[in-house]
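Heads up, the thing below is written out as structure tokens.
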Amino acid sequence: MNRFKVSKFRHTEARQPRREAWIGDIRAGTAPSCGNHIKASCSLIAFNSDHPGVLGIVPLESQGEDKRQVTHLGCHSDLVTDLDFSPFDDFLLATASADRTVKLWRLPLSGQALPSGPGLLLGPEDAQVEVLQFHPTADGVLLSAAGRAVKVWDATKQQPLTELATHGDLVQGAAWSRDGALLGTTCKDKQLRIFDPRAKPEAAQSTPAHENSRDGRLVWTGTQEYLVSTGFNQMREREVKLWDTRLFSAALTSLTLDTSPRCIQEGLQWHPRGPGQASSVPRLPGPEEAGSGDQVSGAPAGPRLGAAGPGRKVTQCLLESVLRGAALVPRRALAVMGCEVLRVLQLSDTAIVPISYHVPRKTVEFHEDLFPDTAGCVPASDPHAWWAGSDQQVQRVSLHPARRAHPSFTSCLAPPAELTPATAQPAGTPVGDADPSEGFSSTPSSLTSPSTPSSLGPSLTSTSGIGTSPSQRSLQSLLGPSSKFRHAQGSVLHRDSHITNLKGLNLTTPGESDGFCANQLRVAVPLLSSGGQVAVLELRKPGRLPDTALPTLQNGVAVTDLAWDPFDPHRLAVAGEDARIRLWRVPPDGLQEVLTMPEAVLTGHTEKIYSLRFHPLAADVLASSSYDLTVRIWDLKVGAEQLRLQGHRDQIFGLAWSPDGQQLATVCKDGRLRIYEPRGSPEPLQEGPGPEGARGARVVWVCDGHYLLVSGFDSRSERQLLLYSAKALAGGPSAVLGLDVAPSTLLPSYDPDTGLVLLTGKGDTRVFLYELLPEAPFFLECNSFTSPDPHKGFILLPKTECDVREVEFARCLRLRQTSLEPVAFRLPRVRKEFFQDDVFPDTTVSWEPALSAEAWLGGANGTPRLLSLQPPGMTPVSQAPREAPARRAPSSVYLEEKSDQQKKEELLSAMVAKLGNREDPLPQDSFEGVDEDEWD
């Protein structure tokens with residue numbers, strides 16, 4: 001009769017809530033990992049936000065009619081790859097990250113501030129941690145998978161109990177059996193393995209799983225005999241397989257679903273049905289699947305293998321939006337009196353949608369057949385007892401509301417600290433600005449923090465330079481700090497200022513070069529013609545260039561980099577593939593004829609040069625880097641090399657002088673970031689880890705020389721920004737921000753006056769804009785500039801080129817295929833008639849040297865002169881008179897009660913005024929007519 005057996009869940013229906021019940025106003029993101037992007041306990045939901053290393057935390061259930069507030073927890077310095085709640089403690093969260101560590105967090109009760117640091121730290125590992133999971137019966141036991149290694153941790157001692165035998169490739173999934181005795185793994189080598197970690201580190205059983213090596217997952221059913229795996233077949237179709245560990249050579253059955261690039265996520269929740277009956281495993285769609293075809297389906301899986309067999313579909317639910325992840329709510333949190341047998345949390349870009357599954361029943365009562373006893377929240381053992389061989393199981397509890405006196409449990413892994421209420425206000429902040437009924441509230445620095453947890457301390461520093469109102473402070477406490485440049489607007493200036501009809505541009509300059517250079521007078525552009533020609537264009541003479549050949553500088557060899565002397569606007573340094581630097585002098589009235597003889601030639605490098613950087617304060621001092629793995633510092637007045645820096649073991653990607661000119665930083669292909677004091681030693685003063693990717697990198701000094709910003713690639717070729725403290729390179733980056741995936745290196749242009757950095761790459765269409773802070777959250781995102789076509793180069797012009805009256809804080813040049821166009825970045829301000837002194841502090845006089853090359857080489861240091869950008873006749877906005885707010889009439893004027901008779905009279909008066917008086921003469925009365933006799 002098995003062929004006629006049907007599931008009691010066959011009539012299960014999915015109920016999608018109204019939009020009012022969604023958890024909205026979130027910004028979700030996903031990481032390219034094998035882990036989960038959203039998890040839930042009986043009290044909280046945690047999910048990946050769109051900022052690397054930051055999780056969103058929100059209560060599972062709303063409190064009354066108050067809207068659930070999302071708070072943000074900065075967990076790691078890199079992407080969060082997986083997360084899991086303790087099965088016993090609803091407020092204990094474990095997170096894994098691409099920074100190769102695992103952290104355990106004690107989350108607070110509603111109304112308390114988020115923690116400033118983790119309760120425990122495990123690692124670091126040799127590779128990014130892909131998977132982690134708590135043990136189902138023992139508190140304090142945790143498994144983690146990083147690369148090819150799987151470890152079982154005793155978190156109480158912060159030491160691994162065992163490390164399983166190395167897998168053949170990346171471990172994609174790992175899961176405990178329900179009794180906690182066995183452990184299963186899926187691997188990129190297409191093998192499914194079963195381990196008994198307490199018996200031996202080698203696999204007890206192994207079998208080929210899915211024929212495709214793409215992402216795979218697994219989950220155990222109610223007993224240790226059966227487990228379900230998901231993956232892809234040879235045709236790239238997603239499939240589900242049921243395995244019996246007693247007959248592990250082949251799957252009991254398999255189910256092919258569809259073709260999709262994303263893996264299937266099994267719901268990690270077992271739905272027991274009693275002895276001898278099958279259990280239900282819901283199938284969740286993979287991240288980023290298209291909404292029109294998404295479905296959440298459930299199918300029974302278990303030992304009854306009749307004609308119907310395991311894998312019968314029970315129900316499916318089409319989803320409305322693109323998924324970023326999905327998770328199941330624990331059974332102890334379900335509405336059992338409404339016959340809710342399952343609740344799926346669907347994570348989209350902007351909301352979390354709870355989808356409930358109900359079994360229709362006629363009577364409103366507790367149904368024992370749908371809700372058998374489930375595992376409670378008190379662990380059965382501790383790590384020592386479990387490792388010694390204890391297989392004691394967690395005591396089961398009833399889900400009946402009348403018998404639901406479940407004991408609470410608090411894990412010793414991260415004991416609760418004395419928490420500060422989130423509604424407590426810092427000194428000087430009105431207490432009335434906070435609403436204690438809002439539940440969780442975020443500290444000002446907790447949002448968008450891609451930094452380490454130490455960055456989560458409160459920060460009340462105003463980034464706008466002007467006072468904020470109480471309502472603004474209240475909003476900032478919810479959304480985190482924001483930049484005063486967040487509404488910046490980038491726009492291409494009028495075509496009259498463009499230089500057009502450019503021909504024969506050299507678009508193959510090395511990645512270490514910006515591709516072209518400019519000062520306040522001219523722009524130098526390498527051409528594709530033979531002989532390394534360089535065109536010099538006058539910015540003061542925009543328009544269409546002639547069709548005839550332009551006068552150029554004949555460099556003689558291919559150009560690798562070029563730079564204008566900041567203290568001599570007519571001198572151009574050009575590096576070539578012949579390991580020489582040529583210094584050219586352009587006539588004051590512009591280039592009128594072809595120049596073939598440079599002013600000077602610097603020789604010394606043995607391999608081709610790829611970077612040139614002038615000293616920011618000393619005249620006639622130039623640094624160059626070469627494929628000979630050295631950095632050489634030249635005295636241009638003497639025309640000879642004076643200093644040579646060593647210690648690089650591979651190609652030097654970039655170099656940068658510190659603002660005071662005393663130090664020089666380099667980033668290298670060997671994965672190291674170095675700081676030199678050139679006048680002190682040829683060896684690096686400091687050294688630290690740089691970007692993991694070897695495709696290219698740039699470095700620039702920021703935050704008054706206290707930090708270094710490095711743009712590069714991670715191990716997955718994603719472009720990222722790394723912020724280092726200049727005094728502690730060895731400790732690694734203070735913050736990491738992932739941006740996007742693109743082939744070109746991001747070229748940073750930093751404005752020290754505003755703290756803004758503009759980032760774009762050759763061939764990009766978007767310019768990122770961030771304000772950098774020396775404290776958490778370090779990166780404040782601003783509006784980016786997008787162009788319709790890709791640019792070949794993008795550089796920042798001197799501050800004096802900005803139109804201060806239009807609140808233009810940056811002027812750039814954008815190089816296109818056939819034209820050169822200026823781009824202005826402006827800030828919308830209401831009172832533009834005043835000088836915006838909070839946007840335009842005194843700027844450095846960058847065109848005047850502070851000392852000579854001889855003095856600098858002799859050990860002297862200089863200080864640059866500052867210049868005010870305030871135009872004559874403009875009053876600073878900080879001294880402008882305050883505008884008196886317009887007084888509103890009291891509401892009683894508008895709400896005054898009027899009788900019906902008064903209302904009728906007012907209405908009649910208005911109609912008469914509209915139509916006019918009846919006794920007024922009509923317009924035709926004034927027309928001149930004819931006499932009566934004229935009608936005859």
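Heads up, the Cβ atoms here are built off N, Cα and C, so glycines get one too.
Record features (TrEMBL):
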- 298-310: compositional bias 'Low complexity' (COMPBIAS)
- 413-427: compositional bias 'Low complexity' (COMPBIAS)
- 441-471: compositional bias 'Low complexity' (COMPBIAS)
- 880-890: compositional bias 'Low complexity' (COMPBIAS)
- 895-907: compositional bias 'Basic and acidic residues' (COMPBIAS)
- 3-64: domain 'DUF1899' (DOMAIN)
- 478-543: domain 'DUF1899' (DOMAIN)
- 269-310: region 'Disordered' (REGION)
- 409-477: region 'Disordered' (REGION)
- 870-936: region 'Disordered' (REGION)
- 73-107: repeat 'WD' (REPEAT)
- 602-644: repeat 'WD' (REPEAT)
- 645-677: repeat 'WD' (REPEAT)
### Query
For the repeat 'WD' (602-644), DSSP counts of helix, strand and coil?
0 helix, 25 strand, 18 coil
### Task
Could you give me the DSSP helix, strand and coil counts for the repeat 'WD' (73-107)?
0 helix, 19 strand, 16 coil
### Chain residues outside the repeat 'WD' (602-644) and at least six past its termini with a C-beta under 8 angstroms from it
510, 512-513, 560-563, 565-568, 573, 575-583, 650-652, 654-657, 659-661, 664, 666, 676, 678-679, 682, 846, 849-857, 861-862, 864
#### Entry: Distant-in-sequence neighbours of the repeat 'WD' (645-677), which means Cβ under 8 A and at least six residues beyond its ends
512, 610-611, 613, 615-618, 623, 625-627, 629-633, 683-692, 694, 696-701, 704-705, 708, 710, 712, 724, 726, 729, 745, 752, 856, 861-862
### Task
Take every residue in the repeat 'WD' (602-644), average their pLDDT values, and give the whole-number result.
93
### Message
As a quick check of your reading of DSSP, tell me how many residues in the domain 'DUF1899' (3-64) are helical, how many are strand and how many are coil.
### Response
5 helix, 20 strand, 37 coil
### Query
Would you list the DSSP helix, strand and coil counts for the residues of the repeat 'WD' (645-677)?
0 helix, 17 strand, 16 coil
### Task
Sort the residues of the domain 'DUF1899' (478-543) into helix, strand and coil with DSSP and give the three counts.
5 helix, 22 strand, 39 coil
